[in-house]
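Written below as structure tokens is the structure these notes are about.
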Amino acid sequence: MADIKEDIGHAQHQHLNLTVEAPKMEEKEEEREQMKTKRVASLDIFRGLTVALMILVDDAGGEWPMIGHAPWNGCNLADFVMPFFLFIVGMAIALAFKRIPDRLKAISKVILRTLKLLFWGLLLQGGFSHAPDKLTYGVDMKMIRWCGILQRIALAYLVVALIEILTRNAQAKRLSPGRFSIFKLYFWHWVAGACVLIVYLATLYGTHVPDWQFTVQITDSADFGKKLTVACNVRGKLDPPCNAVGYVDREVLGINHMYPHPAWQRSKACTKNSPHEGPFQSDAPPWCYAPFEPEGILSSVSAILSTIIGVHFGHVLVHMKDHSTRLRHWIVPGLALLILGIILHFTNAIPLNKQLYTFSYVCVTSGAAALAFSIFYILVDILNLRYMFLPLEWIGMNAMLVYVMAAEGIFAGFINGWYYDNPHNTLIYWIQKHIFINVWHSRKVGILLYVIFAEILFWGIVPGLLHRFRIYWKL
């Protein structure tokens, strides 16, 4: 995924190299502190774990649907990946912009990085790349997918980074005493978060969703090419066909530019094989055949909240120096968010839903991210058990490379391009079949072990070799 790294001397990968030209006394003290600060290896490891989880759920989720995306309401393992990335981006923003000597230069870097993320997002998920299964490239511009994972990260990064830069003069130099001083210091971040939440909830519950039509684009369906109508004419519904998230995307993006294989196609209403993929039932409702954008406009607005929460945890890391204080300011809010989200879901107030990026989903996933990072911080930065997680750390150091090559299947597509007699007779298929599936006499177990050892472990070693030569893919 996007490896949003600290701008201050590339702090996640290099030692700080600061030159001082007659600074003031306060600036000298700040720079001395920065030179003494140890790199927070747990952040790299947490990033690496998140990339590894993405590979696992993408490539093994078909055989193990309990770890894949929930068809609609609910939260499976795959549903934690995106908010974990956004949380990490927020923490990285706080570290990257803890000192801003030149505001215009910082803004230009943010804009340039945002454009790079958008470019790679369109290239990898817009439909141009058909890797790893199809050895073709190209996309019909009438059907290009405008949204995606990197595009969502780009939006969240742009908004939160600009807030961090533009509100810096309004902040005090030092953290004042008090239990809530860290919240007061970054008051405008929470104001922005409140505005994001209000806009999202007002649109989600206040928008009238009319009936809508679409043309079936599923080529192996008997209804291919037919125009179907979905009856809605409601307001404030959070069901698959009639929610405001889908309505906004259909109106702004256009239905032909949305994701054609949404997770809801695995729901019980659509297929008897649920939660596995399978043929649609004969009486499946029309919306089962329709596209839906899981990284759409309104849901991406809500996703900004995950990054704002992440940047708060980064601020704790920057301003608070002892381990116990940091952990207290991470674990308590993390538990509070987790409990709040669970209550909202099980009281049927706001369901957990990744497709809609509901507020309960923000709370549960952000709370889980806070607790997961705290565990890594204890194990790695306090107990010095870093060696146990070296492959994850190496992946985290080169997260963009591993995301492109492994999660998006570019490397596998390259290998599949060298086949013998038949495009399905490739080295990858041979390894899957003869080393994993046939040995274990189970496709489910074989695919899971293949993903763990031939993909995740492999891509833990390759970045380790690149790290030895100080080679990183930076955006």
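Cβ coordinates come from backbone N, Cα and C, glycine included.
Unlike curated entries, TrEMBL annotations are predicted automatically.
What TrEMBL says about this one:
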- 40-57: transmembrane segment (TRANSMEM)
- 77-98: transmembrane segment (TRANSMEM)
- 110-131: transmembrane segment (TRANSMEM)
- 143-166: transmembrane segment (TRANSMEM)
- 187-206: transmembrane segment (TRANSMEM)
- 297-318: transmembrane segment (TRANSMEM)
- 330-350: transmembrane segment (TRANSMEM)
- 356-380: transmembrane segment (TRANSMEM)
- 401-420: transmembrane segment (TRANSMEM)
- 447-466: transmembrane segment (TRANSMEM)
Best-packed against the transmembrane segment (187-206), counting Cβ pairs under 8 Å over 77-98, 297-318, 330-350, 356-380, 401-420, is stretch 297-318
With the cut-off at Cβ under 8 Å and a gap of six or more residues from its ends, the chain residues touching the transmembrane segment (40-57) are 1, 3, 12, 67-69, 76-78, 80-81, 84-85, 88, 91-92, 95, 317, 372-373, 376-377, 379-381, 386, 389, 391-397, 399, 402-403, 406-407, 451-452, 455-456, 459-460
- Message: Can the transmembrane segment (330-350) be said to touch the transmembrane segment (356-380) if we require at least 3 CB pairs below 8 Å and skip pairs under 6 apart in sequence?
- Response: yes
Stretch contact, the transmembrane segment (143-166) with the transmembrane segment (77-98), Cβ-Cβ under 8 Å, 3+ pairs = yes
